[in-house]
Each structure stands twice: as C-alpha cells, then as structure tokens.
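One structure is given here, and the rest of the page talks about it.
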Amino acid sequence: MTKEIKETGWNFDNSYARLPKSFFTSLNPTPVRSPKLIILNDSLAASLGLNAEALQSEDGAAVLAGNRIPEGALPLAQAYAGHQFGHFTMLGDGRALLLGEQMTPLDKRFDIQLKGSGRTPYSRGGDGRAALGPMLREYIISEAMHALGIPSTRSLAVVTTGESVIRETALPGAILTRVAASHLRVGTFQYAAKWGTVEELRILADYTLKRHFPDVEADESRYLSLLQEVIKRQAVLIAKWQLVGFIHGVMNTDNMTISGETIDYGPCAFMDEYDPATVFSSIDIHGRYAYGNQPNIGGWNLAKFAESLLPLLHADQEEAVQLAQDAISEFPELYHHNWLAGMRAKLGIFNEEKQDESLIEDLLSMMQKHRADYTNTFRALTFDRHEDTVLFGTPEFAQWHELWQERLGRQEQSKASSSQLMRNSNPAVIPRNHRVEAALEAAVKQGDYSVMERLLDVLSTPYGHSPEQAEYATLPAPSTRPYRTYCGT
Ligand code: AMP
Ligand code: MG
C-alpha cells in the first residue's frame, strides 16, 4: 500500500460483505487504460473525511477508476431483483461495484460505489461500462437534487477511462463514484424473498434496521416498523419530487432505495410546462412513470416491498397480508400530507385552512391550461413579478390572486415572513434540460468543463435567488422541445 493512498483518508468498513454470500459477488473492477480525473466534489470529499488533493493525484485517480484498490476496500457487486416496467426479473450490479463503506469523521457510514467499473456476473448482455455524458449528467442532477434539499445519492467524482464505449456510436468511457446512505433497494428484498431462505430475508431486514432505522430496531414488531418507516420516507421523498417538478423516469423497484434517497439518474428530467402527463423517457411509451403518476407508482413499489416482507410480518399468512395492506393503505394519505404541506409553503402559507387544497388545485389547473412553466410560475409569485406570461394576463388568474392575497391576510405571519418562506420553498434555478445539455455538449465534445462548472455553481444554492441565477431561469427555445431522455447506459 502506498503512502499516498493512506493519506487520502479512506476508512472502510465492509458490513455488506459480512452478509450471507448469496447477497453479492466479490470481484475487482476491470482496470482501464488511462484514468483522468474530470471532476471532483471537494466539499463532499471533505465531509467524507477524504483529502481532495490526494484524490487528485495519480494514485487517487487510479482508485476512482478502479485500477487500484485502496486499503480496507472489499469490492463487490450486489445482487438484487426488480420489477422493470411491471415485469419481475433478476438484476444486480451489472456495471457497478461497491468498494466498501466509508466511515466519516462524524462516524457516519456511506457506500462508495464505482459505476461503470466493468462486467460482473450480473451484467447479462451489457459491457459493464458507462459513457462520459450520462455520468456527468448524473453528477449534475444528483448534486442539484441534494442542494434542493431532496434526499439523494451523491456524486464524488467522474474519471474518464481513456477507452471508448460503444453505444449507437463510440463514446468516451467514464466512471462515476457514487456515494449513498446505502444501495439497499426494494429489489434487494425482492431478491431475498424470491431466491433466499426466510432466514436470509430476516438477516437482510435486521441489517437494514440496524443501518437505517435504529430507532425501531428493538420494536417487538420491528419488521412491520421497517415497512412503515420505508413508506414514510418514500412519502416524503416523492412529495419533494413533485414539489420541484422532478421526473425520475424509471421508477422500477430496483431503483427505489430503502433509505429514502433518490437513486439512479438515468432518463430523469425536470418538467418545464406544468402538465401531469409529462414524460421525458423515450422508452416510457405508456406514461407509467409520468410526473403525475409518480405517487401511484411509489405506492405500487411499496406494495412489492411489503409483499417481500410477508414471511417476517406474521407466522400466519393471512395476518401478515392484513398487516401489509394496512401499512400500504397509509401511503396515499402520508404522501398527500407531505405534498400539501410543501405546496402551502410554496404559496407562503403557514397555517392550515380547509380551502387551501382548492386554492392550490385551482392554480395548478390554470397553469396546465395556459402551459405555464412550473418553476418560473412559483418564482414569479414569490417576487410578485407577474412577468408577461399568458397565465398572468388572464382574468381567472387575477381572481385567484385576490383569493390568495386574502388567504395570506388570514394568518398571523407578516407578508415579509410569507415571502421568506416562499423564497426558501421555490427554487430560483433547477437543472433545466437545455442547460444540462449545453454543459454536457461542451464537456464531451469540446473537453470544455467550464460550462458545467458554472452550472454546478449556480445549482448549488437554488434558493439563493442571486442576480447571476436569473439567466439560468430562461426557458428553452421551442425548437428544443419536446425534450427526450434515454436510459443512460
Ligand atoms: P438501470 O436501468 O440503470 O437501473 O439498470 C438496470 C440493470 O441493468 C442493472 O442491473 C444494471 O446494473 C444493468 N446495466 C445497465 N447498464 C449496463 C451495462 N452497460 N452493462 C451491464 N449492465 C448494465
Ligand atoms: Mg438501476
């Protein structure tokens, strides 16, 4: 082990590797030709207890490329299954490896995963690799989500490999270092339930409780608590997605975490014009994962999670099913509660009135009718700047605005606190599709990373509402719509 690697601050534990062997396959990344560090997340590195300078060294980049295994790491590919567009199948890390769990200076545990690190026994027909564009895209959007206050996996670094990956054309290859509370997925439980023993399923559930839900670990009915806690976290998460107009695009059960973090930034994108039917992903022809359907799909996925837990919920199968159904039936209301609270905040409302819901629904339906931009409408309301949009020119909006102002007048809080609440709840910027595309194009085609760096900078304080952010709020030209995304392989 070289001195440089020790100085990087790697401090691995490998609790996942201590699970039964059926949960993973140990193997090393496939080395790449010539690793080059493209981008490093300095502040994330620091919070993980890693030395950014050491990561930038040749040895550091070699680790981030999978060419060198740091001391204490035990690389492995995780096994999992999942429902993809409703169809159950065996999956697993086909192009990613967990190096280990970094123990931070604050004694927190984070998975360090290399994505694009080569073939594994779970690769099926895939090459195990990733292209630079999609990895940078994941970096940008995951970091933007984090800055927006939305639980998400993080991105520590992207390295290019010096090798090409063949997609429709030859593209520069890259590896993303993903950081996550864990990579436990609904699909991990489905895998255990389908192919493991009940004992293995129990071990996985106990592991999960210990890692993510220590507060309920000692509960008598701890597996039911596990289900209820995951339901709660997903209700919070999906409400946050809806509130910023984030469309995940591929909410398969393998892409839903147990920790409640957003994971797997493939065909995701932010909505421009408000329309619940919005779909960006080219393969989502039936709109299964449309914006307005995300809460339903969340419930569907959680039902699959509940199903996989049945043998642990009760010895009597009927009783187990009843417990699962009762828990699942809570989800729509929990989701709605979170969404409504968030919407009130977006409109500067502190207290609760029964009619709030119709006030919100009325605004949304006007926005849909007049094809108003989701983010910019709330931003304009925040600053009382009713820019020249169709919506703001209509009599129905004027009427709504009056009702809204009356509503704000019926709470104790001042207009100033209301407006502060709105500034904190309505982002000045989101990763607009055309901006993300421009950043990727400059990076991948010209090797110019400055566009991406500026974008990342602006996205790092979405509630800052600074003058520099104004230009990032401009809408895409009509010619760039409709925007299409592809599964980022
Ligand atoms: P995703 O659509 O990214 O959630 O991936 C679904 C499954 O396909 C996972 O098991 C991935 O590991 C696998 N996969 C995606 N891309 C590749 C690739 N290029 N090579 C091997 N496996 C892949
Ligand atoms: Mg996935």
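Just so you know, the numbers here start at 1 and follow the chain as drawn.
Note: Cβ is positioned from N, Cα and C throughout, glycine not excepted.
Residues or ranges marked as active site, proton acceptor by TrEMBL: Asp254. Of all Cβ atoms in the protein chains displayed, 25 besides its own lie within 10 Å of the Cβ of Asp254 (active site, proton acceptor).
Annotated ATP binding site per TrEMBL: Gly92, Gly94, Arg95, Lys115, Asp127, Gly128, Arg178, Arg185, Asp264, in sequence order.
Annotation source TrEMBL lists Mg(2+) binding site at Asn255, Asp264. A simple way to gauge crowding: the CB of Asp264 (ATP binding site) has 24 other CB atoms within 10 angstroms, across all the protein chains here.
Reported as a whole number, the C-alpha separation between Arg178 (ATP binding site) and Asp254 (active site, proton acceptor) equals 16 Å. In terms of Cα distance, the binding-site residues that sit within 10 Å of Asp254 (active site, proton acceptor) are Gly92, Asp264, chosen from Gly92, Arg95, Asp127, Asp264. Among the binding-site residues Gly92, Arg95, Asp127, Arg178, not one has its Cβ under 6 Å from an atom of ligand 2. Shown are the binding-site residues Arg95, Arg178; the one with the most C-beta atoms within 10 angstroms of its own C-beta is Arg178.
The CA atom of Asn255 (Mg(2+) binding site) is located 6 Å away from the CA atom of Asp264 (ATP binding site).
In the three-state DSSP reading, Arg178 (ATP binding site) counts as strand.
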